[in-house]
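See structure below.
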């Protein structure tokens, strides 16, 4: 499903642990790392797509995570010309993404990159909060900077908000910011993580 402007609707997923680190995934057969992400199918909400992608790409179930926040706006990036498929109709020029911030509440042993026949990732690790902004492929960097800045403003408060999973993605950004989590983060969790 591609919109009138040529962007494919997509969800992006940032999973944090209790130390304030984020899950960073290695694309299969490449030395390229990114957050889990995936397209939204027809007749599927952004939230439904997020949970489907969460399971397909990292093997986690809804019970393994707590939804903390949803980005207020759709964020877009354009694909480089070398990645465009000029023969496809309609042509996709990039992705427009709704981003979800999740906290891992289950066991990290449940993370499994091989839940499908064609996995997206073949490795993962925990990295410091801001590490992905500097390390992601250049054409995604602006989106990563915006989403991490938005998520940081949530996580750096004494009471980070959570989202009620029963609401649709459209209303998530409004309602998500009014609920609060029991986990309290401080700024130091995100600036220095061991090994980074």
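Using N, Cα and C of the backbone, Cβ positions are placed for all residues, glycine too.
According to Swiss-Prot, the feature motif 'Nudix box' maps to residues 38-59, out of the candidate ranges 16-37, 38-59. Panel annotation: around the motif 'Nudix box' (38-59), residues 1, 8-11, 13, 15, 23, 25, 65, 70, 98, 100, 102, 110-116, 119-121, 124, 165, 167-170, 172 of the same chain, lying at least six beyond its termini, place a Cβ under 8 Å from a Cβ of the stretch. Secondary structure of the motif 'Nudix box' (38-59) per DSSP (helix as H, G, I; strand as E, B; remaining residues coil): 13 helix, 2 strand, 7 coil.
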